[in-house]
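Engineer: Found this in TrEMBL, in case it helps:
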type	residues	note
TRANSMEM	45-66	transmembrane segment
TRANSMEM	78-98	transmembrane segment
TRANSMEM	119-140	transmembrane segment
TRANSMEM	146-165	transmembrane segment
TRANSMEM	172-190	transmembrane segment
TRANSMEM	202-220	transmembrane segment
TRANSMEM	241-262	transmembrane segment
TRANSMEM	282-304	transmembrane segment
TRANSMEM	311-332	transmembrane segment
TRANSMEM	338-356	transmembrane segment
């Protein structure tokens with residue numbers, strides 16, 4: 001499952017700000033023009049809501065199907081890594097279907113192609129490593145335990161955002177971070193946790209270490225993505241968002257394919273498909289839907305990074321993690337005890353706290369904009 005988890009920022013939509021600036025110029029040239037700020041704000045939050053659905057749905061489905069792959073006979077860690085990355089071609093038509101508007105930022109001098117390519121390759125290889133850690137963690141841990149360990153990524157991202165992205169902490173952000181972190185760690189103390197099929201205590205410990213390392217690396221990756229947009233690419237168009245998804249994913253997929261062949265796991269895939277408990281067709285469909293779900297997650301995640309912040313996108317991602325134990329109860333017959341219920345309630349509380357912080361920021365920005373016009 002772990003196939004993309006990476007990237008968030010503290011940009012309050014430079015693209016939106018540039019459109020705001022252009023709209024104010026138009027207003028100054030007309031007499032008694034209608035104020036479009038309310039419409040822009042509504043449209044922006046509708047889009048953010050859609051991106052949130054992409055993140056929650058994609059992450060929950062991908063993680064659950066990833067656990068299904070292992071439970072029903074899947075054993076290839078490199079294939080589990082590759083399948084998180086290789087679905088990026090499905091978003092290539094967006095380059096031609098959606099209008100790629102040119103903003104003032106698009107007119108800025110572009111960086112040398114070699115510099116941008118180096119950034120994309122580095123992020124791609126870094127993503128491959130994170131996906132491998134993710135695959136090992138999911139393989140050796142119960143899905144409910146794994147999903148809530150992953151929520152610790154929020155604390156790591158907050159730390160990296162503070163140093164790399166100048167993220168300011170408010171009481172609402174701190175409250176959200178504390179609640180979501182407690183929510184994720186509660187399940188670590190759940191006495192009802194059981195080992196996945198075929199996992200020993202030593203493998204459980206390996207999975208735990210890999211899950212923590214993946215969370216820390218993911219938190220750093222989100223901040224690095226925001227830093228890349230702000231300091232290196234210096235562009236915030238929709239095309240730049242697509243480039244940030246497609247180019248690193250291409251490099252990451254190539255690295256995963258090399259790993260699949262070099263490890264020798266490639267030669268075991270036919271036997272793995274033949275032995276898959278749900279049949280060959282279900283084996284292929286499971287892998288396909290994992291790949292598509294991760295791409296849905298990635299589109300929503302990167303869009304939230306660009307339009308809000310890396311920390312906000314991570315909060316949304318973390319908020320979705322307690323959804324996975326619910327799906328595990330339905331499809332994998334995990335137990336739903338009081339600790340899991342409390343963890344989910346804390347996650348919802350933390351999300352509401354951060355959402356309220358965003359509302360206050362948006363309201364303050366609108367008030368400031370109205371007084372300066």
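Cβ atoms here come from the backbone N, Cα and C positions, even for glycine.
Predicted automatically and left uncurated, TrEMBL annotations should be read as such.
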Engineer: Compare 45-66, 241-262, 311-332, 338-356 by their Cβ pairs under 8 Å to the transmembrane segment (146-165) and return the stretch that comes out on top.
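Structural biologist: The stretch with the most contacts is 311-332.
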Engineer: Could you give the residue numbers and ranges of same-chain residues that sit at least 6 residues beyond the transmembrane segment (202-220) on either side and whose C-beta is under 8 angstroms from one of its C-beta atoms?
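Structural biologist: 2, 5-6, 126, 129-130, 133-134, 136-141, 146, 149-160, 195, 314.
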Engineer: May I ask you to check whether the transmembrane segment (241-262) and the transmembrane segment (78-98) make contact, with contact taken as at least three Cβ pairs under 8 Å and only pairs 6 or more apart in sequence counted?
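Structural biologist: Taking Cβ pairs at least 6 residues apart, the transmembrane segment (78-98) and the transmembrane segment (241-262) are in contact, with 3 or more under 8 Å.
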Engineer: Counting only CB pairs under 8 A, let me know which of 45-66, 78-98, 119-140, 282-304 has the most with the transmembrane segment (311-332).
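Structural biologist: Ranked by Cβ pairs under 8 Å, first place goes to 45-66.
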Engineer: Where among 119-140, 282-304, 338-356 do we find the most Cβ pairs under 8 Å to the transmembrane segment (45-66)?
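Structural biologist: Counting Cβ pairs under 8 Å, the winner is 282-304.
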Engineer: When you scan the chain for residues with a C-beta under 8 Å from the transmembrane segment (282-304), skipping those not six or more beyond its ends, what do you find?
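Structural biologist: Counting only partners 6 or more residues beyond its ends, the transmembrane segment (282-304) has Cβ contacts under 8 Å with 1, 3-8, 47-48, 50-55, 57-59, 61-62, 65-66, 68-69, 72, 74, 79, 83-88, 90-91, 225, 241, 244-245, 249, 272-273, 276, 312-313, 316-317.
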